[in-house]
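Worksheet: the structure to be examined is printed underneath.
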Amino acid sequence: MEEVAELGHLLVFAFLFCFAAYMVGPVITDVTMGALCPGRDECSLAIYLTGLQQAVTGLGALVLTPVVGNLSDRYGRKALLALPATASIVPLGILAYGRTRGYFYAYYITETLTATVCEGSMMCLSLAYVADRVPEARRAAAFGVFTGVCSAGFVASTIAARFLPVSSTCQVAAVAAVATAVYMKAFLQETDGGASSCSCDEEASRPLCIPSSSSEELSPKLPPLRKAPSLSEIAALLTSSSTFSRAAVVTFFHGLGDAGQLNTLLYFLKAKFHYSKNQYANLLLIIGITGSFSQLTVMPLLVPKLGEQKLLIIALTASCGHAFLYSIAWSFWVPYLAASCVILSMLVTPCIRSIISKKVGPFEQGMVQGCITGISSTANVISPLIFTPLTGMYLMLSLLTHLN
């Protein structure tokens, strides 16, 4: 595919980054429970600490991601990608060294702080990089390929975690994080700010903040570097296009439900069906393989026939079915069935990113992608306030029922 040839080094970087970041996913529940509540299947403290981490990380990403995206429009994508690539090494290194209560809290604090930079910035900067290198006509497929490669990294890390012991899993993740930073520094090339992929249609390539009747020379009209984009500037960006406003609303509510499900599901499964590390890994493996297949093959086939908006509606419907099946799970195998629904629900994010990418000029890709990531981070802040108490209440009722 042309997208793979144009984005080869970025795709390798994304694979390595996701491999390192997601490898601890299947084991972190057991590590947390072992450090905080050894020998138990229910632990309210672990639930609330996870919710607190999610809220702090989301709040930090809400503030920092638009700023990082804005800076990348001026300083370049590669220069800013170095930030999440290097910051992610620290917490993984701590977890590789030790997993007792003290080391866990050290990991928890550093992970919370670094995730404010890493969680959203890597995705928004990489998607802006893709937008710089790929013309609009092939951009939706390129976004699908990129997110599919990220899912492939997730699958590879989950397979590794499935067969490695916990200590080796954490050590391999730390080494992979170092390799990611080195590869990015050595091989990833800086973009030209989208000049090579800019549409010949002046209106399509005009920066969003510049009126179409303006006779001024096209140039990025972004906030000065001495300060972050203000809330009024971000609000103006959100309301400048009806399509962008709708994409922001969909992103928020989809992120609200997705984040709540992601951060409580494993604890729910451990309490109800006594899932172990290997069962977590199997579930995540199904999600990863199905999602990767969907983004790499299904999306490039369906986008030319249906368009991004119709495909987005189908993906959102599948996402609702995905969550519903988890909520009514009556046996240990039902979550595995629910995981298969991601073949369509995984297409929500690349569809939204492709739609908004086509509504802005080449000099605003970083800021716009950062704003969408910031909106998703807002959902991450609010989600724990809703889902953490509900999950804690369920676990408490489950424990009381078990005791009776």
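Please read every residue number as a count from 1 along the shown chain.
From the backbone N, Cα and C atoms, a Cβ is placed for every residue, glycine too.
The transmembrane segment feature in TrEMBL is assigned to 7-25 (among others).
Below 8 angstroms of C-beta separation, residues 29, 32-33, 36-37, 80, 83, 108, 111-113, 115-117, 119-121, 124-125, 228-229, 234, 259, 263-264, 267, 366-367, 370-371, 373-374, 377-385, 387-388, 391-392, 395 of the same chain, each at least six residues beyond the ends of the transmembrane segment (45-68), sit close to that stretch. Summarising the annotation, TrEMBL assigns transmembrane segment to 45-68 (among others).
Sequence annotations record features per position, and here TrEMBL assigns transmembrane segment to 80-98 (among others). Residues 13, 17, 20-21, 24, 31, 68, 71-72, 106-107, 110-111, 114, 117-118, 121-122, 125-126, 129, 167, 170-171, 173-174, 177-178, 180-181, 184-185, 188, 366 of the same chain lie 6+ residues outside the transmembrane segment (80-98) yet bring a C-beta within less than 8 angstroms of a C-beta in it.
Residues 7, 10, 13-14, 17, 21, 31-32, 35-36, 49, 53, 56-57, 59-61, 63-65, 68-69, 72-73, 77, 80-81, 83-85, 87-88, 90-91, 94-95, 139, 142-143, 146, 150, 191, 353, 357, 365-366, 369-370, 372-374, 376-377 of the same chain sit 6 or more residues outside the transmembrane segment (104-130) yet have a Cβ under 8 Å from a Cβ within it. Residues or ranges marked as transmembrane segment by TrEMBL: 104-130 (among others).
Long-range contacts of the transmembrane segment (142-164) within the same chain, counting only residues at least 6 positions beyond its ends with a Cβ under 8 Å from a Cβ of the stretch, are 1, 3-4, 6-7, 10-11, 14-27, 123, 126-127, 130, 133-134, 172-173, 176, 277-278, 281-282, 284-285, 287-289, 291-296, 299-300, 303, 346-347, 349-350, 353-354, 357. Residues annotated as transmembrane segment in TrEMBL: 142-164 (among others).
If you look up TrEMBL, you'll see 280-299 (among others) marked as transmembrane segment.
Beyond its flanks by at least six residues, the transmembrane segment (336-356) meets 127, 139-140, 143-144, 146-147, 151, 243-244, 247, 250-251, 254, 282-283, 286-287, 290-291, 293-295, 298-299, 303, 308-309, 311-312, 314-319, 321-322, 325-326, 329, 368-369, 372 of its own chain at Cβ-Cβ distances under 8 Å. Per TrEMBL, the feature transmembrane segment maps to 336-356 (among others).
Same-chain neighbours of the transmembrane segment (377-397): 42, 44, 47-48, 50-52, 54-55, 57-62, 65, 119-120, 251-261, 263-264, 267-268, 271, counting only residues six or more beyond its ends whose CB sits under 8 Å from a CB of the stretch. The transmembrane segment annotation in TrEMBL covers 377-397 (among others).
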